[in-house]
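One structure is given here, and the rest of the page talks about it.
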């Protein structure tokens, strides 16, 4: 298509048409610096490839995308690369002397609004799949947080770079992270790719309180506008794809409960804790239960009644009189789980008597040791906490499933790798992902670090046969943005936290899906 200029008369004609929404693609430093002397102040080939891939690729091969840019941005593109091939180049200029006559795939407009009006009308509404605003500074300052901006694809440059052009910070009251890549380093610069999606039309839009979190109530299908290369990067697909694979290809196995499972061995998921919190959204996960159980572990308690009194009943089945008698713990008081997780974390090696005893100063406090090593010897390869104590297994109501955690410090970040010998994909794993992610965030907080990665290694990853149908229902749901979790900055001691110290915002999952626990 030859060059087109949109004038005021055409703008008037298009005023009745709805404007196109758009997505922003930009690379910026922590200070939101984007340029120096009219140029990019970095050389990041991986970022340039990402820019090309996201702006060029369409799901419909008969369509193309549009890239909207200011005149200075156009002129900063090397002549041999302009116009950007395979895309409609929309150049914003009010200069009458700007001449790009006879240039294919280029149109000029006088403003962002006039460009969006043009792209909403024929023929462009039929031929353009997505609209990307790509710069420069003036255009991005106007476009970044407008209601018509659906998403922001931000290359976050973690290293300080001298810039003279800046854009506003992303308004996190209306945008939430959809995906964030793991950091990489190229030409001395550390960076990652993060996509933010609009979840509210404005910061004033109300939210509801639900399940101990602030809920925004948005539809998972709303985010299908994202390029597939971005949509598929949502980390919940790691879990969903694993469940689907186990149901389709798992080994048929018997188990101690007599229920029967489909099982695979040696699976792994890796979650990025830097921007969001991996609380699954394709079904509701009991966040308050996650928090209270972890605090119960940290306290060293083995008394299921402590959780019961708070309305948390996840341990009831393994603490009942019938169950304890059934595994030979006939002398054990109902509710006494024996030397399970919290006892091993805080009193490893101590002799267990019952849930009422005071074990202060007894055994080895692994949690305190982990914190001490993170603070004082962060390069130690022995920053480890184990709940697996063979000499105590016979005394436990249930041997530990999530049994071994190793912590790793680098770049001012704390990461955790946890090994889980037995992984109930339907009920347990969503809880375990959240629990160890929260533990990592807590330890980072008390050690003045920031959360990094949570790597979840699963030994026997299984789906109970009774969970196949509800999990197939869950697989039909599309993910929504993970929530954001913040910790009370006033609390710096691991034993000082209470449930209200954890602020979870933007959690709006699909409905709860019932699954019966196999005991």
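The backbone N, Cα and C atoms fix where each Cβ goes, glycine too.
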- Task: With 256, 420, 421, 422, 423, 424, 432, 462, 463, 464 listed by Swiss-Prot as binding dUMP, identify the candidate in 402, 445 belonging to that site.
- Result: 402
- Item | Correct range for region 'Hinge' (source Swiss-Prot, candidates 167-200, 201-234) | 201-234
- Among 34, 134, 139, find me the residue Swiss-Prot lists at the same substrate site as 25, 47, 155. 134
- Query: residue 462 (dUMP binding site): which of the binding-site residues 25, 38, 135 is the nearest Cα neighbour?
  - Reply: 25
- Query: On a count of neighbouring CB atoms within 10 A, which of the binding-site residues 35, 38 is highest?
  - Reply: 35
- What other residues of the same chain, not counting 25, 47, 134, 155, have a CB atom within 8 A of the CB centroid of the substrate site? 26, 27, 50, 51, 54, 153, 154
- What mean pLDDT does the predicted model reach across the domain 'DHFR' (21-198)? 95
- Query: Which has the fewest other Cβ atoms within 10 Å: 25, 27, 134, 401, the recorded positions listed?
  - Reply: 401
- Item | Fewest-neighbour residue among binding-site residues, criterion Cβ within 10 Å, set 47, 138, 424 | 138
